[in-house]
Amino acid sequence: MTILDWLQDYTIQNVVIGAALLGLISGVLGSFAVLRKQSLLGDTLSHAALPGVCIGFLIAGTRNIGSILFGALVSGALAALLMLALTRNSRLKTDAGLGITLSTFFALGVVLLTYIQGTNNAAQGGLDSFLFGQAAATLRSDLWIMGGITVAALGLVSLLWKEFKLVSFDPSYAASLGLPVVWLEVLLTVMIALAVVVGLQMVGVVLMAAMIIAPAVAARQWSHRLEGMVLLAAAIGVGGGVFGALLSALSRGLATGPLIILSVSSVVIVSLLFAPRRGFVWEIVRLRRSRRRLRYQQVLTTLYQLAAAHADSRYRSGQGMIDTYHGTSTQRALRKLHRRGYVVRHAAPPEEPNTAGQWVLTPAGIHEAERILDSLGREAL
Amino acid sequence: MAELHEPNLALHVEDLTVSYQSKPVLWDIDFDVPPGVMAAIVGPNGAGKSTLIKSVLGLVPAVAGHVTLFGRPYKDQRRRVGYVPQRSSVDWDFPTTALDVVTMGLYGRLGWLRRPGRRERREAMQALEKVGMQDFAQRQISQLSGGQQQRVFLARALVQDADVYFLDEPMAGVDATTERAIVDILRRLRDEGKTVIVVHHDLQTVRTYFDWLLLLNVRVIAQGEVGDVYTAANLRKAYGGQIALLEESALLPPQERDMPVTERLP
Ligand SMILES: Nc1ncnc2c1ncn2[C@@H]1O[C@H](COP(=O)(O)OP(=O)(O)O)[C@@H](O)[C@H]1O
Ligand SMILES: [Mg+2]
């Protein structure tokens, strides 16, 4: 089979398009969930979809995708409302509320699932595929549903962009301006439930949460504007989805959903390690650099304070004295100060021929030392 | 048209009671602020100061009582009110810039579907200039110091161009320069005839900064002109046992707080 045949393969096309849609909607909505510290919400909503899947199947009597997805949406939304009610009207913290709702609904779903399998209904044909997804079973008609949901969600996000941004950043200020904060939060939650519905077929309820969280977490590492973060999360979602789908098509037999999740997760790992300013590696480099700069600033202010203590701006500080004061060799810091023109070196005085020379601040050095001391003083206040 | 209730008061709070899960946090509060003053709300931690502001702004529901601003309920007066929440109430790691945060102050005026444009950005920029933050407009907000973040929050309220401002501990944890800058800005607002209501944490500066005072500890302890309310007896009532700590430092005249950093070269 040539690449062209391969790309024209009907199933592969469906899977790739489905994965791209899923990545798109998850990336965009996941960004808001992550920023609102509601990563666990995606997890709860997706696990809570399972009883809805089963009830939808029981009502329709067959594996009718429409009623199954509708059932998933309803039970996801129900779980979200239950969680809100629990945390609003009791002392339960949000994470505990989410955890309880998640496990209760999922347990109910598994019970229903085993019940359906027990009835030996021939039409049940792989209802458990909703646990881990069964991408290859995606039909063109499913894609239309997924596409419709994605377009509607993206439309809402772009219409209510500034409202969603404000509600995510500062909900009480948003309320003081008169925004209907509760409704906007409900809307965001329902849309995440919709994203879950889109993902049910592809990755299943168990892994769906990762699909919502991962692209957003990765994108946050690289972007410092909400616009950039959401676009990047969408790109990572689409990229990871398509890559995972193609990988599974190539490998013939490896599960698509988990491969998609692994693809986006590897982007997360790379981002957590290497993203500028926020990455782990970056942090280590920055720490070492700032430690070196701190040493250099300390040496400069030591020279300044020695001069101040002697009331002599041309005071010559012996290198040995500076080393002793800092308890370590300051040769390197002094050389750097010298390069910048903050100090000049004088040879050791004749009465102490064995010492390592003396250092005197230049006017630029005095200025810089005062600047450093001022900024330290301001921080200390 | 319905008759206005206490139209001559910038803020009128009557019989306000607020409780969280049946624990009363504010009890039967009567509180009036005339227009054109700079008022402080002072009381110990957990006294309900933030809750009072939030309740006035309709952010937490009241069990009883009512609130009017210039004679009308808050929901009719939103556009005349500016709010500066406690700085710690938001996550400053949110991916956005200082200018963008200030622009949020205009979302109420913009209404649904309209996006901030050049005019809004210009107004936000002017507000940043007023708080001396124009050079940081494009700075990611997590890269700002605490004092700078507080100024950004203040600018966001200034851009609302309100008549009554509510500020929750705007001077907590900021450097001396920022505190001075904030006080100057608030005074200027008052001199323009606006009403400024501030939750304040530092007893030492109450008398220098403010001309109106509410002492609060779940109930109203005292309210009125600072000179009349700021007495040892009232403070003792508001702070209870904690006053022993406060007594000497708080009741002494406020001192200048500039400390020399280090020895200076001649
Ligand atoms: N969301 C909340 N749920 C339950 N109790 C709260 C909540 N917010 C504040 N409280 C309680 O209400 C009291 C008053 O809080 P607050 O208004 O923040 O006090 P202040 O601002 O004066 O320090 C405190 O005892 C606090 O623990
Ligand atoms: Mg408070």
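These residue numbers are counts, starting from 1, taken along the chain as shown.
Positions of Cβ are set from backbone N, Cα and C atoms, glycine also.
Taken verbatim from TrEMBL:
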type: TRANSMEM; residues: A:12-35; note: transmembrane segment
type: TRANSMEM; residues: A:40-59; note: transmembrane segment
type: TRANSMEM; residues: A:65-86; note: transmembrane segment
type: TRANSMEM; residues: A:98-116; note: transmembrane segment
type: TRANSMEM; residues: A:143-161; note: transmembrane segment
type: TRANSMEM; residues: A:173-194; note: transmembrane segment
type: TRANSMEM; residues: A:200-218; note: transmembrane segment
type: TRANSMEM; residues: A:230-250; note: transmembrane segment
type: TRANSMEM; residues: A:256-275; note: transmembrane segment
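Each of A:12-35, A:40-59, A:65-86, A:143-161 was scored by its Cβ pairs under 8 Å to the transmembrane segment (A:256-275), and the highest score goes to A:12-35. Recorded stretches compared: A:98-116, A:143-161, A:173-194, A:230-250; the one with the most Cβ pairs under 8 Å to the transmembrane segment (A:12-35) is A:230-250. Counting residues 6+ beyond its ends, the transmembrane segment (A:65-86) has Cβ neighbours under 8 Å at 41, 44-46, 48-57, 59, 92, 94, 97-98, 100-102, 105, 130, 139, 141-142, 145, 186, 189-190, 193-194, 196-197, 200-201 in the same chain.
Among A:40-59, A:98-116, A:143-161, A:40-59 has the largest number of CB pairs under 8 A with the transmembrane segment (A:200-218). At the 8 Å Cβ cutoff, the transmembrane segment (A:40-59) and the transmembrane segment (A:173-194) share at least 3 close pairs (sequence separation 6 or more) and count as touching. Residues 6, 9, 12, 15-16, 18-20, 22-28, 30-31, 135, 157, 202, 211, 214-216, 218-220, 222-223, 256, 259-264, 267 of the same chain lie 6+ residues outside the transmembrane segment (A:230-250) yet bring a C-beta within less than 8 angstroms of a C-beta in it. Under 8 Å from some Cβ of the transmembrane segment (A:98-116) lie the Cβ atoms of residues 40-41, 43-44, 47-55, 57-58, 75, 79, 82-83, 86, 92, 124, 127-128, 131, 205, all in the same chain and six or more residues away from its ends.
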